[in-house]
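According to TrEMBL, the features are:
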type	residues	note
BINDING	E124, D142, I144, D145, D288	Mg(2+) binding site
Amino acid sequence: MGCSDRPRHSTPHRRQLELPRQIIENPSINLFLHFIITPSYLVQSTTGETLYTMKDIDLQSVHDELVSVAYEAGAMILAANPAELDTDTKLNSVDIVTEADKGVEKMVSTRLSSSFPSISFMGEETYKPGVRLGPEPTFVVDPIDGTTNFVHSFPSACISLGLAIDRQPTIGVIYNPWLDTLYTAIKGRGAFLTHGRGKEPRRLPLARSPRPIEGLGSSLVAVEWGAQRDGPNFDIKVEAFRKLTATPENGGSMVHSLRSMGSAALNIAAVAAGQVDLYWEGGCWAWDVCAGWAILNEAGGRMVHGNPGNWDPELEARVYLAVRGAPSGQKELIEEFWGVLGDKKLDYSV
């Protein structure tokens, strides 16, 4: 769907192993359980948190299934004729959901719950307001990221499939069926772009020797208007866009240009590929960024909070700043961008 300002209706399904209290409260046994319990069960520690490790799950098998699901979803998206679909609006006329969004998510949920019944599921179209992402392994899914583009037959939309473990992006799969571009990553195993099904994957970033980052004045910056078109957040965005593009004589950074792809996932993928230097966004949800974040990390990029000062944001932060991989200049570019915002902060708390 892309970034929107109103949550909709999936409570992650969970299976829990009930253990005697004396076992739960024994620190030694608790630590032992941390390493031997499979993800089919949730075992609480003394603090109430569930303990997981990535080695509890066959990440390659999950990745391969997500790729297969992405290709099936892509075929569904291409087969849909936007002109013939029933289209609803949520927040306003630019916050759109179609039959295709709902149909793709149903297919994804059905396949993943069948293949991995112990892994929870959070999807944009079935999200229930107030539900928070837990530490248990969870598929985080946007069936069509860039629905507005999809409705207009503009070929910049994708399916975004992420796996989060302990609320950390761990696997990412993003597929744009119109361009037949597939971005994938597994934590600790690199990020890749496959252009054409069956073709050889290319490691990200695409440049063998990424150039250093030299500041905003030499950067291509991705931004989005978002669905919220009035109020303080909109005003902050418009003012930031002006400062980014204006000449230094007029108090601006004069970036090379601004780009807007209409899809948070594809914006982050472009940063991971090294095609865009920086992407700033507010109003997104976890399903908009989870897959892209996993890919960005594996491509040497960095995700920080979109508001100044927070170098380690949560997956559900809703305000993000992604910077491409580079041998130098990441930290300086982040701080320079934060300086553009000054004391202004986007606020999407609900």
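The backbone N, Cα and C atoms fix where each Cβ goes, glycine too.
Automated prediction, rather than curation, is the source of TrEMBL annotations.
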Q.
Under DSSP, is I144 (Mg(2+) binding site) part of a helix or a strand, or is it coil?
A. strand
Q: Would you mind checking how many other C-beta atoms are within 10 angstroms of the C-beta on E124 (Mg(2+) binding site)?
A: 28
**Q.** Around the Cβ of D142 (Mg(2+) binding site), the count of other Cβ atoms that are within 10 Å
**A.** 35
Q) Out of D145, D288, which has the highest number of nearby Cβ atoms, where nearby means within 10 Å of its Cβ, if these are the binding-site residues? A) D145
Q | Cβ packing number for I144 (Mg(2+) binding site), 10 Å threshold | A | 31
